[in-house]
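Engineer: Take this structure first; my questions come after.
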Amino acid sequence: MMPPTRLAGTLIPAMAFLSCLRPESWDPCVQVVPNTTYQCMDLNLYKIPENIPTSTKELDLSFNPLKELGSHSFSNFPELQVLDLSRCEIEMIEDDAYQGLNHLSTLILTGNPIRSLALGAFSGLSSLQTLVAVETKLSSLEKFPIGHLKTLKELNVAHNLIHSFKLPEYFSKMPNLEHLDLSNNKIQNISHEDLRVLHQMPLLNLSLDLSLNPLEFIQPDAFKEIKLHKLTLRSNFDSIDVMKSCIQGLAGLKVNRLVLGEFKNERKLERFDTSALRGLHNLTIEEFRLAYIDNYSSKDSIDLLNCLADISKISLVSLDLGNLKDFPKGFGWQDFELVNCRIEGFPTLELTSLKRLVFTSNKDMKSFNEVKLPSLEFLDLSRNRLSFKSCCSEADLKTTRLKHLDLSFNDVISMSSNFMGLEQLEHLDFQHSTLKQASDFPVFLSLKNLRYLDISYTNTRVVFHGIFDGLVSLQVLKMAGNSFKDNFLPNIFREMTNLTTLDLSKCNLEQVSQEAFCLLPRLRVLNMSHNNLLFLDMLPYKPLHSLQILDCSFNRIVAFKWQELQHFPSSLASLNLTQNDFACVCEYQSFLQWVKDQRQLLVEVEHLVCAIPLQMRGMPVLGFNNATCQISKTIVGGSVFSILMVSVIAVLVYKFYFHLMLLAGCKKYGRGESIYDAFVIYSSQDEDWVRNELVKNLEEGVPPFQLCLHYRDFIPGVAIAANIIQEGFHKSRKVIVVVSQHFIQSRWCIFEYEIAQTWQFLSSRAGIIFIVLHKLEKSLLRQQVELYRLLNRNTYLEWEDSVLGRHIFWRRLRKALLDGKPWSPAGTADAAESRQHDAETST
């Protein structure tokens, strides 16, 4: 053992050495992009790491206790373009802290409690475009030393302590400023003097966000003649009177987009009156957006729309419009959005100048009403759960100019016409709506100009081969999640010579016609994933001279045949074969070698695994050894024979093991009394019936029966098979078998049933009671031959969910369970008395 003095002499220098080590000297940063992007987030760094290359362009140092930034703190990174210093506990930034960062375009200082900010703190940032100083305890824009940042485009100082909206003179030196975020500050009043800079030097592209400021007063004419790109005022007003006064204070403003309203979780107005918006007449607005305003009547809804009559673009989000059936006519709207609003029924629309209508995710929608929109070019009616009794033609929409139609995520759409009068359509989306009669006739015959079609997950069953006739200009076709007759893909793409993208995933396809893709010379992307293809016959893909991406993942592909590999499109750049059932056997040696040779072509080739033979299941396909296929036939034959013999012996031993367990149990428990009246065999899918009906009526009835249930009576930590035999069969007088569709499809249930047969043979007292829970198809029942024969030869109980049927069922079942049960009058009386006592207590 080392003497104490010697041990201390060894440990003290080691501890001194370790104490000198800093986390930054351990190279803890994550290299996202070599020599370019590094992430050092939340590594407890106390200073800027020195081991990061000087070529770094993006550096994330957020959530490190840097405390302060001294002069030339980042001089080692002259190429830096993005710097994130969020929540680094920075309290002081000295002069020239960022000196030398001539290429820095984005600087993020969010969440730093800055107390001292030198006048030259941001010097040297000659290319800075985005500065984020959210939650930095900034109290005034005038004290923010950024007047020299002439290239600045975005300034975000939200969630600070700014009380004055006065824009400093240095804003006149920022001609490129496009976005100023002052939201969630302490601004209450806005005067003409505050905006003097904008009066002197207009910033025409400036977007100004003043949301979540407790505005109380805007001086009249403060915004007069000012031009803004966007102004956002959300959750600013405590009362409708303040809102009305402030909107009147905006008189004379010229703004491309005005956003008013509240936030979903920041509601201040107790009520809303559309009179507050009347002051909008004094503004010049191109686009208006109102969000999260409620608590007003249907009349107010009409008044609201009347207030917006002179605006060309309207967007209403998350409003309660109530019973607004008839929209006002004669408005000059060109663009109208109604998103996530509650409105009782689809409104009648007659707007002659409207070109774009977005009506999505609205509540209380049922059916679509005809509209009269002669100038409409863009129509989005998605996510409304609408039903369309007739679709689609000029008669439904009263327009011939439509180019974009989105009816996705709705209810039932009946295809009654082939888009007569809508020949200008270029984009059509039906995904996740239920299409009816879509495969009865050439429904798309008139759409010569259509370029995009999505009928994914529309419950379409393709029977008619001319379903896509007429789509001569189509470039993208998505039809995932549908089905084909006999799970066979025929030649239904006969006129789509311009098609570039085709999605046939999740269509249950098993075979592909040799001519399926023969007329698709421009196809570049083909998705055949999540189907049931057993062999990938490459002959149908041979005409696809432009194919670059082929996805055949999640199929049941065993292999390719050697002759099929010769038909591979030479243009193919990516082939996805992951999640298939590859056979790693010598019969497909050529294919397995081809996989090794095509590693660059195959997606995630290292994840291709063998499914058969069993001894190679889960092994990488790349690990298959071709040398094993050269062994002599004698060795192969002998090996196969040995494997078969071992397998047979193993099966016999397995079967014999359970017979021994049963036989031993019968000898052990044969003379004693059984603990349980019956062991219940059932599928876990039928557990609700077992718990709520079987257990309740038998264990709580008179006389009570004790059932053995796996979820309650099996011993934890013991193998399932051992529990079934020792706790289930050996300790029970009888066995109840609950037969259902789930039972027949469950391997565990069939295993328990087979053991029950052996148990009945070995035990003279044993009895099996069959309960058929639901009507079973004979084709399904014949899958279990012994069970089918047994049910034909023996009586069984059949569950009927009716008063008479239940009475007969429980009477017959109790009679069967009483057979051989030791009689205990006292126990029966006690049970009856207990039931009577419970009934009186509940009363």
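One-based numbering along the chain as shown.
Each residue, glycine too, has its Cβ placed from N, Cα and C.
According to Swiss-Prot, the protein has these features:
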type     : residues : note
DOMAIN   : 674-817  : domain 'TIR'
CARBOHYD : ASN35    : N-linked glycosylation site
CARBOHYD : ASN189   : N-linked glycosylation site
CARBOHYD : ASN205   : N-linked glycosylation site
CARBOHYD : ASN282   : N-linked glycosylation site
CARBOHYD : ASN295   : N-linked glycosylation site
CARBOHYD : ASN498   : N-linked glycosylation site
CARBOHYD : ASN527   : N-linked glycosylation site
CARBOHYD : ASN576   : N-linked glycosylation site
CARBOHYD : ASN626   : N-linked glycosylation site
REPEAT   : 473-496  : repeat 'LRR 14'
REPEAT   : 498-519  : repeat 'LRR 15'
TOPO_DOM : 655-843  : topological domain 'Cytoplasmic'
Engineer: Using all protein chains shown, find which of the glycosylation sites ASN35, ASN205, ASN282, ASN527, ASN626 scores highest when you count other CB atoms within 10 A of its CB.
Structural biologist: ASN527
Engineer: Cα of ASN498 (N-linked glycosylation site) to Cα of ASN35 (N-linked glycosylation site): how many Å, rounded?
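Structural biologist: ASN498 (N-linked glycosylation site) to ASN35 (N-linked glycosylation site), Cα-Cα distance: 43 Å.
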Engineer: ASN189, ASN576: which of these glycosylation sites has the sparsest Cβ neighbourhood within 10 Å?
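Structural biologist: Counting other Cβ atoms within 10 Å of each of the glycosylation sites ASN189, ASN576, the minimum falls on ASN189.
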Engineer: In Å, rounded, how far does the Cα of ASN35 (N-linked glycosylation site) sit from the Cα of ASN205 (N-linked glycosylation site)?
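Structural biologist: Answer for this pair: 36 Å between alpha carbons.
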Engineer: Measure the Cβ-based neighbour count of ASN498 (N-linked glycosylation site), defined as the other Cβ atoms within 10 Å of its Cβ.
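Structural biologist: I get 15 for this one.
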Engineer: Quick one: DSSP breakdown of the repeat 'LRR 15' (498-519) into helix, strand and coil?
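Structural biologist: Residue counts for the repeat 'LRR 15' (498-519) by secondary structure: 0 helix, 5 strand, 17 coil.
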Engineer: Tell me, by DSSP, whether ASN35 (N-linked glycosylation site) is helix, strand or coil?
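Structural biologist: Reduced to three states, the DSSP call for ASN35 (N-linked glycosylation site) is coil.
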Engineer: Fill in the CA-CA distance, ASN205 (N-linked glycosylation site) to ASN626 (N-linked glycosylation site), as an integer in Å.
Structural biologist: 68
Engineer: Is it possible to list how many residues within the repeat 'LRR 14' (473-496) are helical, extended or coil according to DSSP?
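Structural biologist: For the repeat 'LRR 14' (473-496), the helix, strand and coil counts are 3 helix, 7 strand, 14 coil.
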Engineer: Rank aside, I only need the closest one: which of the glycosylation sites ASN189, ASN282, ASN576, ASN626 has its C-alpha nearest to that of ASN527 (N-linked glycosylation site)?
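Structural biologist: Among ASN189, ASN282, ASN576, ASN626, ASN576.
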Engineer: Can you give the mean pLDDT for the repeat 'LRR 14' (473-496), rounded to a whole number?
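Structural biologist: Mean per-residue confidence for the repeat 'LRR 14' (473-496): 96 out of 100.
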Engineer: Give the distance between the Cα atoms of ASN189 (N-linked glycosylation site) and ASN576 (N-linked glycosylation site), rounded to the nearest whole Å.
Structural biologist: 62
Engineer: Could you give the Cα-Cα distance between ASN626 (N-linked glycosylation site) and ASN576 (N-linked glycosylation site), in whole Å?
Structural biologist: 23
Engineer: What's the CA to CA span in angstrom from ASN282 (N-linked glycosylation site) over to ASN576 (N-linked glycosylation site)?
Structural biologist: 61
Engineer: State the three-class DSSP label for ASN282 (N-linked glycosylation site), counting H, G and I as helix, E and B as strand, and everything else as coil.
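Structural biologist: Note: ASN282 (N-linked glycosylation site) is helical by DSSP.
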Engineer: Where DSSP helix means H, G or I and strand means E or B, what are the helix, strand and coil counts for the domain 'TIR' (674-817)?
Structural biologist: 79 helix, 24 strand, 41 coil
